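Quick look at what TrEMBL lists:
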type: REGION; residues: 26-70; note: region 'Disordered'
type: COMPBIAS; residues: 46-70; note: compositional bias 'Acidic residues'
type: BINDING; residues: 195-202, 278-282, 340-343; note: GTP binding site
type: DOMAIN; residues: 361-374; note: domain 'SRP54-type proteins GTP-binding'
Ligand SMILES: Nc1nc2c(ncn2[C@@H]2O[C@H](COP(=O)(O)OP(=O)(O)OP(=O)(O)O)[C@@H](O)[C@H]2O)c(=O)[nH]1
């Protein structure tokens, strides 16, 4: 399945820049400085008498030849991000902890000759520990029970194939996980990234910019996280590494909606493909902060429609993260989930739980702190990684 519609440039895509690399990469929003209006000085026509008293012209010293101006070309080494296609397969080893639960734990239990009720309980418990959620865990146990009865004797390959089939069905390959990242109606695609504190929003925006650059898209970043002082700097650095401009405000605590507006405005003017807007982490329990998120979206939409609102969830927070997520889906129309920190958790089942409870597909997963450790989510590749031997 293609990750982004409709153009997918494969490996080795050249990073396209629409301006020379020595231009400043940061657009800083500053109050406009009033331009003093000065009347042009009247040009006086010289009179004839005046002309008569003009001293004979002394030959002026020849002006020294100006030194040719040397423009220092800053050494901007642009990085070439890894292509997005096939990333999940390449990073599958990062799911080692989840793999331990499914492949080592679950498969061993299922491969036993006699699976009695105690073993089925243990299977269900293992599924619950992976954060699959109570209903899906029960459903899966029922499906497996049914199949084990029908299949009779089972070798480990049959069991693996059976579990794979059932898990893939639960992760649901039919969900539309494509990310809108294509211009339409002469406007850039706009993607907003939201979530609670510290889940990895800024990092995700930076990594996503690289995914898009790897696909030859032109991107603008908007640092609408005006709450955390370092966030704009962090985002700017991510952008600079791949030649992407960041629109930000130098004023701490500036109105995030106005930064988002300016970022989209810049994106429209520069005719880029995608504007990525980072927002501040906020507690789902703070109604005013959730309202602010709605405002950021509305104000940005005065320039161009927001196509995607990606909710970032830290996979290690499990079911607690789910409760937070619900509030976000009520405040803004969340179109996709980014599950971060999947490299550090055994709770791979959270993918199913989130999709079931929120009705929103997981579109991307974070598998590490490295710049290219963000992968488009693919149901089958994900399940294969979980049950790999
Ligand atoms: N291991 C791992 N760490 C990650 C991943 N994604 C992000 N992180 C780390 O999580 C930490 C927080 O990331 P940020 O991007 O600053 O989080 P944020 O949501 O923007 O934070 P606030 O703006 O304070 O809400 C950083 O140390 C990231 O490197 C991931 O997929 N795996």
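Just so it is clear, glycine is given a Cβ too, placed from its N, Cα and C backbone atoms.
Close to ligand 1, meaning a Cβ under 6 Å from one of its atoms, are these of the binding-site residues 198, 201, 279, 282: 198, 201. Reduced to three states, the DSSP call for residue 279 (GTP binding site) is strand. Here residue 342 (GTP binding site) comes close to 94, 95, 98, 315, 348, 365, 366, 367: these same-chain residues lie at least six apart in sequence, with C-beta atoms under 8 angstroms from its C-beta. Long-range Cβ neighbours of residue 201 (GTP binding site) (same chain, at least 6 residues apart, Cβ-Cβ under 8 Å): 193, 194, 195, 225, 278, 279, 281, 312. Taking each of the binding-site residues 195, 198, 279 in turn and counting other Cβ atoms within 10 Å of its Cβ gives the largest count for 279. Residues in the domain 'SRP54-type proteins GTP-binding' (361-374) partition by DSSP class (helix H, G, I; strand E, B; coil) as 0 helix, 6 strand, 8 coil. Spatially close to residue 282 (GTP binding site) yet at least six residues away along the chain are 194, 196, 197, 289, 290, 292, 293, judged by Cβ distances under 8 angstroms.
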